[in-house]
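Q: Below are the features I grabbed from TrEMBL:
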type: DOMAIN; residues: 9-147; note: domain 'DUF2231'
type: TRANSMEM; residues: 12-30; note: transmembrane segment
type: TRANSMEM; residues: 42-67; note: transmembrane segment
type: TRANSMEM; residues: 87-104; note: transmembrane segment
type: TRANSMEM; residues: 116-135; note: transmembrane segment
Amino acid sequence: MIEIIPNWHPIFVNFTVALISVSLFFYLIGYLSKKHRIGQEWLIVGCWCLWLGTLLTIATVIVGFVAYYSVAHDAKSHEAMVLHRNWAIATFIIILAVFVWSVFSSIKKKPVSSLFILSMVIAFVLLTIAAWHGAELVFRYGVGVKPLLQSGNSDKPHHHH
């Protein structure tokens, strides 16, 4: 499998995107229904998704840097890699900040504020931008994937009917 997936970043990044996105969803639902008992439950789910998502984001960033320094690429795709890396670093900083905020709020039993929700939205927007740039690396520039001809497939055109 390691020959097919030259690095682990594509695996870990999916957990980051899923958990941070779902965390925002549950925080929003919980915040909007915080006066009801179920609202508090949704906030707890959002909190756990954020905490787990942040831990996996740390792994994502580590394997992302490994990929950054190890995958084959040309000058044009290198520019795209730098852009993706920069957006990802900004995203990581915001995710860490909301994680720390969430942990301290939880310890002090402080309610979720509208400013916290706004910070989560900002983290989500940055995550979406970083993910889009990462997808550009793979789907536009082919970074980190084996070319079709080298993967053992025929060079004859393939049509779907």
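Placed from the backbone N, Cα and C atoms, the Cβ positions cover glycine too.
Where the annotation comes from TrEMBL, it is an automatic prediction and has not been curated.
Give me the lay of the land around each of these features.
A: Across the domain 'DUF2231' (9-147), the prediction's mean pLDDT works out to 95.
Remote same-chain partners of the transmembrane segment (42-67), defined as residues 6 or more beyond its termini with a Cβ less than 8 Å from a stretch Cβ, comprise 6-9, 12-13, 15-16, 18-20, 22-27, 29-31, 33-34, 85, 88-89, 92, 95-96, 98-99, 102-103, 106, 112, 120, 144.
If one looks beyond the transmembrane segment (87-104) by at least 6 residues along the same chain, the residues whose Cβ comes under 8 Å of a Cβ in the stretch are 20, 47, 50-51, 53-54, 57, 61, 64, 110, 116, 119-120, 122-123, 126-127, 129-130, 133-134.
Proximity of distant same-chain residues to the transmembrane segment (116-135), defined by a Cβ-Cβ separation under 8 Å and at least 6 residues beyond the stretch ends, is recorded for 13, 16-17, 20-21, 23-24, 27-28, 31, 50, 80, 83-84, 87-88, 90-91, 94-95, 97-98, 101-102, 105.
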Q: Going along the chain, which residues at least six beyond the ends of the transmembrane segment (12-30) come within the CB cut-off of under 8 Å?
A: 39-47, 49-50, 52-54, 56-57, 59-60, 63-64, 95, 112, 116-117, 120-121, 123-124, 127, 131, 134
Q: Can you count helix, strand and coil residues in the domain 'DUF2231' (9-147) using DSSP?
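A: Its residues fall into 117 helix, 0 strand, 22 coil.
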